[in-house]
Structure formats: C-alpha cells, structure tokens
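The following features are taken from TrEMBL:
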- B:36-55: transmembrane segment (TRANSMEM)
- B:67-84: transmembrane segment (TRANSMEM)
- B:96-115: transmembrane segment (TRANSMEM)
- B:121-140: transmembrane segment (TRANSMEM)
- B:182-201: transmembrane segment (TRANSMEM)
Amino acid sequence: PEPVPDHDEL
Amino acid sequence: MNIFRLFGDLSHLAAIAILLLKIWKTRSCAGVSGKTQLLFAVCFITRYIDLFLHFVSLYNTEKVMKLIYISASVFTCYLIFFKFKATYDGNHDSMRAEFLIVPAAGLACLINTKFDAIEILWTFSIYLEAVAILPQLFLISKTGEAETITSHYLFAQGSYRALYILNWIYRYHYESHVDTIAIVAGVVQTILYCDFFYLYITKVVKGQKIVLPA
C-alpha cells in the first residue's frame, strides 16, 4: 500500500 | 527544521500567549471571537489526534508543543465561554461557524491524500484552519475596531502561516518536500490576512488603533 504521508509539521 | 518553520512556530506560540495574557490581564474577552478560538481548538484536536491514540512518552519537543497548543486553546475557550462569559461579545461574534466546518469536512472527504480516517481528520484540520480566523475578522468588521493587543495577536497569528509558506519554499528547494494540501490551504489562510496586515503595518506600527470605516 502506498505510504500515508508523514505530516511532520505542527 | 529550518529558520522559517522555527519562527513560524514561535510566532504561533506568541499569538496564543498574547491572547491568553490579554484575556487574563484585562479579565475580559471583549473584541475576541469565541468561535474562532473554538475552531482553532477543533483544528488542534483533529490534527494531533495521534497524541490520544498511541500516547508515546513526551520525549520530543514536537509532542510537548502539540500538548501546549491543545491545552492552551482549550483553556482560552474555557476563559471565553465560562470564566469571562459576561464579557463575551456574542452579538457581534455572529458568523455561522457551521458555514466553515461543513465545507471543510466535505472538502476533506473529497480532496485528500488518502481516504483514511486519520488522514481525513488531518486534512479537515488543515482546511478548517485556513478559514478559522474569519469569525474574528468578521467580528472586527462588525465592531469597527480592534484593541491594539488584539491586533498584535492577529499579526502573530497571520505571520505564523506566512512564515510556513517560506518554510515550504525552503523545503521544496532543499528537501524536495511538497505537501500540496497544506501549501494551498496555507496560502489561502495567509491571503485572508492581507488587508489586516495592511492596516496593521500602516496604523498599529505608528501607534494608532485600527478603526474600520463602520
């Protein structure tokens, strides 16, 4: 499965 | 982490602190939109839902910052709707928040990176944050003025996302990192502050108060 985007910002 | 994102987060923290101090010191939330603060609290809770799902030890500043944002915004709502409720200007805080929440939720279901519960909640929080300041700007346009301290709050709040745009340009250029949904919503959010920024820079900086032609 395509990776869920890691929203690494607040 | 880059300088733009660092100053963006600091500006956001400053905005939250300025508003809390204003309400606490003056023991009044006159001129403050409770709806905007509610919407911000909803944004933080839906965006940082992972804190509640799998609580990882507070080992890094990001977790601490998320908890600060959530607790500060909930505490601000408590001050507005409970402690200093008598000073809440409900008549002028009359923009229908549903007109912001429903489209943001609908759009989050239509345009998202992945149709996954957490991802849709994150997308909803991004779309909602873009328009969450509208009740506050609406209230100022209704009352025709903004206290100087409230103007500083708005300036810090608007600057935070403007700095994030510079952060996204930086990350695109150096890390080829792109989060299209956050960028588009962030640009819309910053555009909504433009006329306030103009008033702030032409008036408040010179020590005048913002008075809109009623």
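Our numbering is plain: 1 for the first residue shown, then up by one each step along the chain.
For all residues, glycine too, the Cβ spot is worked out from N, Cα and C.
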- prompt: Is it the case that the transmembrane segment (B:36-55) and the transmembrane segment (B:121-140) have 3 or more CB pairs under 8 Å, with pairs at least 6 apart in sequence?
  reply: yes
- request: Please give the sequence-distant neighbours of the transmembrane segment (B:182-201): residues at least 6 beyond its ends with Cβ less than 8 Å from one of its Cβ atoms.
  value: 126-127, 129-131, 133-134, 137, 140, 151, 154-155, 157-158, 161-162, 164-165, 168, 210, 212
